[in-house]
Amino acid sequence: MMWENWTIVSEFVLISFSALSTELQALLFLLFLIIYLVTLMGNVIIILVSTADSALQSPMYFFLRNLSFLEIGFNLVIVPKMLGTLIIQDTTISFLGCATQMYFFFFFGAAECCLLATMAYDRYVAICDPLHYPVIMGHKSCAQLAAASWFSGVPVATVQTAWIFSFPFCGPNRVNHFFCDSPPIIALVCADTSLFELEALTATVLFILFPFLLILGSYVCILSTIFRIPSAEGRRKAFSTCSSHLLVVSLFYSTAILTYFRPRSSTSPESKKVLSLSYTVVTPMLNPIIYSLRNSEVKAALKRVVHRTLGPQKL
């Protein structure tokens, strides 16, 4: 009998940053558009340079290419719709569109967590067991690890999205976020979601906390090995090979953990939006910058590629 009064929701309204003035939204649009273009350009450059240059064919750069592909996909899922809500006030999103956005958000997010853990394992083997590194991290092993990282996003995205959108929605359809994330969508459900929330917590632990603990354990072993290197130059070179990855991991996980492991009562919707911006918009832009500016091999390879591309034209 209760279901008779429920309204079928065919679309959602993303509140996004509608509380801000029109002028401020226009400024945010310009800022996020610049970040979006820099993100796409930076990650495409990383992919092209690491593919074209023979010096960047090691497992580390193979995984870096995969990370850049993930960052591009992650950005394409979130940013274009957010830009539309800011500049033309296109705040509506269809039921299917919201489910699709959520699916790929979960997919790319889970895959990135696993890939970052895989990259930490690569650095662990390279520094802690260098003699066996070519055998352990061969082409086949790298391809399998990358494929496993990508595939890890499928079950969590499928289960979470299908479960959420199988719930009935009462009629309120205003999502207090700039994209279809699970907490604000679940807030609109008219049913008991306690079992789903338990499953969501389990998935969060498995795909965010567990990879983070693997990364943490890898770096404890890496730092322990580095500190045992007798020469200062040797320690510097060893640490330089993993410092970029460590910085990227710190940026991604600090905001993700603050977003999904803080009690609901202690976090306002606006602060969640700011935290979400950090790992969905800002971090994908910083990753190629970090890997290019802090990595001498990438900088040298970029110069070689530019020279090969533009050099003949100057002659």
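Quick reminder: no glycine exception, Cβ is built from N, Cα and C everywhere.
TrEMBL does not curate its annotations; it predicts them automatically.
Positions annotated as domain 'G-protein coupled receptors family 1 profile' by TrEMBL: 42-291.
Marked as transmembrane segment by TrEMBL: 26-50 (among others).
Long-range contacts of the transmembrane segment (62-83) within the same chain, counting only residues at least 6 positions beyond its ends with a Cβ under 8 Å from a Cβ of the stretch, are 14, 16, 29, 32-33, 36, 39-40, 43-44, 46-47, 50-51, 90, 93, 101, 104-105, 108-109, 111-112, 115-116, 118-119, 122, 142, 145-146, 149-150, 178-179, 248, 280-281, 284, 287-288, 291. Sequence annotations record features per position, and here TrEMBL assigns transmembrane segment to 62-83 (among others).
The transmembrane segment annotation in TrEMBL covers 103-121 (among others). Sequence-distant neighbours of the transmembrane segment (103-121) (same chain, 6+ residues past either end, Cβ-Cβ under 8 Å): 60, 63-64, 66-67, 70-71, 73-74, 77-78, 145-146, 148-154, 156-158, 160-161, 179-181, 207-208, 211-212, 214-215, 218-219, 245, 248-249, 252-253, 256.
For 142-165 (among others), the entry in TrEMBL reads transmembrane segment.
With a cut-off of 8 Å between Cβ atoms, the residues of this chain six or more beyond the transmembrane segment (205-227) that come close are 109-110, 113-114, 116-117, 120-121, 123-124, 127-128, 152, 156, 235, 238-239, 242, 246, 249, 253, 256-257, 260-261. The transmembrane segment annotation in TrEMBL covers 205-227 (among others).
Under the heading transmembrane segment, TrEMBL lists 239-262 (among others).
What TrEMBL records for 274-293 (among others) is transmembrane segment.
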Beyond the flanks of the transmembrane segment (239-262) by 6 or more, those residues with Cβ under 8 Å of it = 60, 67, 109, 112-113, 116, 119-120, 123, 126-127, 204, 208-209, 212, 215, 219, 222, 226, 272, 275-276, 278-279, 282-283, 286-287, 290-291, 294-296
With the cut-off at Cβ under 8 Å and a gap of six or more residues from its ends, the chain residues touching the transmembrane segment (142-165) are 59, 62-63, 66, 95, 98-99, 102-104, 106-111, 113-115, 117-118, 121, 182, 185-186, 189, 196, 199-200, 203, 206-207
